[in-house]
């Protein structure tokens, strides 16, 4: 089995789930344990300036082996896995020569990965896949990216005749909870530009993403005994429901695709006395993004007039922006990635990211950073899987990008 696979199988067995609301950085101790493992591995490979900082960021350098000036390229992946599903006690399963039919992930629990539900599986008939055992996520997002970067770097270190400029690599914590770039030192990293290796199926190349905001809403009610509540009770649950129904019903994740934005209600907790709503707001276009946020403000203002001042408190905060605005100033990094894919036999699929990456924020911090595929599918859940050949191609693409810049 390829080295990239061996690495990946090893990495996913480390529990690195990030945790919302943690008071530590990184948010979980497991990420630091994994980071220390990566530091040891990078040192064994002979990289320079291998460093783990107090916030859990791993950085290292491959020195240039060419005499002429070439740009310093960075490759970045994140160590944490999504809190949407357990990442503890991951038991990857290898499915060789996939037959195009149902894959039984867990016989005792009757958990099946089926092409009826995931038709893209059919494309991998005859290929080797890595799946979960149905009880956890897999962690290809983004331990596949880490395995692919380190395998590419190992090739550079073991083949000194392979031309390359200075290469910087970084592995970040807490990307899945939106904090992956919070403590990232762009100046310390020292790259002219970078690529995150955090995308999905083979061929994905992304340099557009959502503009993103989060809206945390508190609805304050008045609770009295229901038998004597007339003209006194103010039920925060009903007001919260009214607020939800004032948003466009079709503009939710289940009804949108491509470049369409949405409002997404992530959680509701409450009682008559008080209800809390947690929304995310997403749109690719800045003007529409602002319109969505303004609608939230107007709804809150309206309900405060209707039910009384301070019935609604709205905490609206931008999270990240569409990196296209920054990438387009350095579009050669996208064109070079496209060419690299084509030269190693991968068809580029340039699509907008209906989400965000560390690269989105890093691009606004002065480090333009589009996103490359890992090869994985169905991230964040029990049906996550990754084809082995896609991982191998991801390594090839990384190496080809490096070569193209070194030989221009």
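Here, residue 1 is simply the first one shown, and the rest follow in order.
In case you wondered, yes, glycine gets a Cβ from its N, Cα and C as well.
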Site-mate of 141, 198 for Zn(2+) 1 in Swiss-Prot, selected among 68, 78, 255, 264: 78
Swiss-Prot annotation, Zn(2+) 2 site containing 141, 380 - matching residue among 166, 176, 343: 176
Candidates 80, 141, 198 (recorded positions) - the one closest to residue 176 (Zn(2+) 2 binding site) by CA: 80
All-chain count of other Cβ atoms within 10 Å of residue 380 (Zn(2+) 2 binding site): 16
Winner by Cβ contact number (other Cβ atoms within 10 Å) across the binding-site residues 141, 198: 198
10 Å Cα neighbourhood of residue 175 (active site, proton acceptor): matching recorded positions from 78, 80, 380: 78, 80
Which listed residue (80, 175, 176) has most other Cβ within 10 Å, given these are recorded positions: 80
